[in-house]
Amino acid sequence: MTITRRGLTLGGAGLATASSLGLATPALAQSEPIRIGWLAALTGPSSAPAIGFDRGVRHAVDTINANGGVRGRRLELLVRDTQGDPTKAVNAAQEMISRARVHAIWGPTNSGESLATTPIMARARMPNVHPCFVDSLIDPARYPNAFRMAPSNSQIDDAVSKYGVEILKLKKFAVIGDTTGYGTTTVNSSSASIARHGGEVVYRATIDATQPDLTPDMLRMRNAGAEAIAVWTVSPGLISRLMNTRANMGWDVPLVGHPAMGNGEVGQLIAKPENWQKTYILGFKNCSYGADGKLPNHVQAFVDSVRGKINLEDTTLWWVALGVDAINMIAKAVQESGGTDAAGIIGYWNTVQNWPGLYASYAWSPTNHNGLPDGDLVMSEANSLRQGAYRLAPGYV
Amino acid sequence: MLTAILLSGLAVGAVYALIGVTYNVMFSASRVMSFTAGQLGMLGGVLGAAFIGVLGLPAIAGFVLTLAACAAIGVLTEIIAVRPVLKSLEQHLYVLSTLALALMIQQFTAITWSTEPQPFPSLFGLQGGGVGDEKFWLPILACAAVVVGLEFLYRRTLIGRAFLAIAEDNFAARALGLPERNLRMASYALAGVIGGLAGFASGQLFLAFFANGAMLNFLGFVPVALGGLGNNRGAIIGGLALGIFQQSANFLFGGVFASVAVFSVFIIVLLLAPQGLFGAPAQRRV
C-alpha cells in the first residue's frame, strides 16, 4: 500500500477532528490529576483563618497523594491568594473555572469574597465548598453547587443565645458589636435570637473599635441591668478594652460571643490575665477539650499524628481540621461518584449524612446545604487556648 | 459616673489638644496644614511600644528615642512634603503632599509593625482604672507640660520669639536677617516632639495601633478649627472640650450616635463663628 500525500493529509485531519470531538477524552480524563482550586486569603488583614486552613489543606492533599491518590489519580492543588479582596477573589475564581479548569473549589474563606464569587461559580456549575458564615450564601435553589462546611450566622447567634439563656440561666443581655457591617448586622440578628430564646435585650449598641475608653458604654450596660454581654467584633483592641473596663468597674458580668475573644492578641492586650475570665466564645464540639482535658478520640488521634508536622500553636485547630475535611470531602465525592464530573460531585454531596469529619459531622441534602449540625456548636472558655483548641465552657462538662 | 466621664474625657481631650497644637506649630512656621500631625501621634505610641515593650529599653531611654525619632519625622515632613510646595501655597498642593506622606507613614507602620493594636507597656505600674490610673493622667500631664513649655519658649527665649516673628510675617522676619528655613525646620522638629509626646503619653489609652494616625488626624483637627487656626490656647481649650463632650455623648447616646452629636456641634460652632471660637476674623489688606 502506498501512502499518498492526500491520504496522509486526510488521515491527519480526521485524527484532529476526532480528538476535538472528544473521542480521545475518556482515556485522558481517567489519568489526569484531580484539580482542586483553593481560594485563600493568605495575606492581608483577614489572613489568619486561611493560613490555618492552608495547613490542613496541604496535609490532606499530601496524605491522599502518598496513598496513591483517588482512583489512581493524584490531587493537584491550585492556590490563589485573594488577599481578602472580593475583586481578586472573583478574578481568581474565573481563572480557575475558565483557564485552569479545576474540578472543584474550596473557598473563599470570608463572606465578603464569597458573596462576590458564589454567583459566578453557580453559573459555571462549579462544585464549591466553603466555610463562610453569611446566611444568604447558601440557597440550594439559586446556588445548587455551593455547600457550607461551617455554621451559618443564624446558627452562631442561636448557639450563643441558647448558652446564655438555657445554660447560664440569664435573662437580661446587652448586645454590642463594632461599627463594621458585620458588627452592625450581627447586633441585630443576635438580639432577635436572644428574644426568640426567651431572653431580654436591655441594651444594644455598636461601638467604634478605636474608641479608647469604654467606661461610659459599660456604665450604660450596667445601668440597663445587663446580666451578660454578647460581643460581636473581631477587633482585639475593642475586646481587650471591654475586659479591662469590666475588671476596673469590678463588674463580673460574663462576656459571650465571637471566637475572636479567645485570640492570643487579646491575651497580650489585657491588663491582667484574670481579666480574661468569665468569657465564653463559640466553639466546636470536635475541637474542644472535655472534662478529661482531651479531644474526641479521632481528633486527638489526628493531633497526635501531626505533632511536629503542623504547627497548632499559632492558629486554631478547627481551621486546620476544616482544611483537612474540605479536601477529604472533595476526594470522597470523586471516589464515590466515579469521576470528576461536576454533576456527580454535587450529586454525592447532596446525599452526605453524618459524614465523620475532624471538625464536624457533616450532613447535606438536596434542600439543605448547611452542613454543620446545631449539636456540633458549643461554647468554650476564651482563656483556655492550648494547641489550637479550647476547653468546653461551664455547663457542658 | 461623672468622675469616669470627666477623667476619660480630659484624657482623650488632652491628646486631641496636643495634636491640634502640633498642627498649629507646623502651620505657624509655614502656613501649611500638614496632615502628618496625627501620624506623629500614632508614631509616638508605636515607637514607644517598640523601644520599651519590644526592645526592652528603660522607659526614659524609650521616651527620649521616641521623641527624637518623631522630631526627625517632623523635619523629614518639612523637607519632603512642605518645602517643595511652599512657592505655590495658593494652589493648596500641600494637602496632597502631606496627605501622601501621612499615608506612606501609615502603610509603612502597618507593614513593619502590625495591623492589629499592640500593647503599650505600663510606665509607672499605676493601673486599675480611676483617678490614679496612669493611662488617664499621663496625657493630661503631657498637655500641661506642653502648655507651660510653649509659653516659656515663646515668651522667654530668643528662639521662641524668632518663631513668633516667622509666624507673624515671614517676609519681614527674613528682611531682619532671621534664618527662616532653619527656623521652619526647627518648628517642624518641635511639632514632631509634641505629636510624639501626645502618642507616647496616650499609648496605654489608644494602644500602639497603626490606624490611630487617621483618627488623630481627624479629631486633632477639630480643636484647631474650634479654637482658631494657629491659636494654641484655642486648640487646648477646644481639644479638652471635645474630649469631654465626646465622652458625655458616648454615655448619653452610645458610640455611633456620639460621633453624630460631636460633629453636629462642631458644624454649628463653625456656622456661628467661622474663624473659630478664639480666632480673630481675617483682616483684608487694602
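Cβ coordinates are placed from backbone N, Cα and C, and glycine is handled just like the others.
Features reported for this protein in TrEMBL:
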TRANSMEM  B:6-25  transmembrane segment
TRANSMEM  B:32-54  transmembrane segment
TRANSMEM  B:60-81  transmembrane segment
TRANSMEM  B:93-113  transmembrane segment
TRANSMEM  B:136-154  transmembrane segment
TRANSMEM  B:188-212  transmembrane segment
TRANSMEM  B:218-244  transmembrane segment
TRANSMEM  B:251-273  transmembrane segment
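At the 8 Å Cβ cutoff, the transmembrane segment (B:60-81) and the transmembrane segment (B:188-212) share at least 3 close pairs (sequence separation 6 or more) and count as touching. Between the transmembrane segment (B:6-25) and the listed ranges B:32-54, B:136-154, B:188-212, the one holding the most Cβ pairs under 8 Å is B:188-212. Residues of the same chain lying 6 or more positions beyond the ends of the transmembrane segment (B:32-54) and with a Cβ under 8 Å from any Cβ of it are 15, 18-19, 22-23, 26, 61-63, 65-67, 69-70, 73-74, 77, 81-82, 85-86, 89, 94-95, 98-99, 101-102, 105-106, 109, 113, 118-121, 123, 188, 191-192, 194-203, 206-218, 220-221, 229.
Here the transmembrane segment (B:251-273) has Cβ contacts under 8 Å with residues 1, 5, 222, 225-226, 242, 245, 279 of the same chain, all six or more residues outside its ends. Most Cβ pairs under 8 Å to the transmembrane segment (B:93-113), among the stretches B:136-154, B:188-212, B:218-244, belong to B:188-212. Sequence-distant contacts of the transmembrane segment (B:218-244) (same chain, at least 6 residues past either end, Cβ-Cβ under 8 Å): 5-6, 8-25, 27-28, 33, 37-38, 41, 143, 147, 150, 167, 262, 266, 269-270, 275-280.
For the transmembrane segment (B:188-212), the residues of the chain that approach it from at least six positions outside its boundaries are 11-12, 14-15, 18-19, 21-23, 25-26, 29-30, 34, 37-50, 53, 63, 66-67, 69-75, 77-78, 82, 106, 109-110, 113-120, 122, 127, 134-136, 138-139, 141-142, 145-146, judged by C-beta separation under 8 angstroms. Outside the transmembrane segment (B:136-154) by six or more residues, the chain places 7-8, 10-12, 14-15, 17-18, 21, 123, 160-161, 163-164, 194, 197-198, 200-202, 204-205, 232, 236, 239-240 with a CB less than 8 A from a CB of the stretch.
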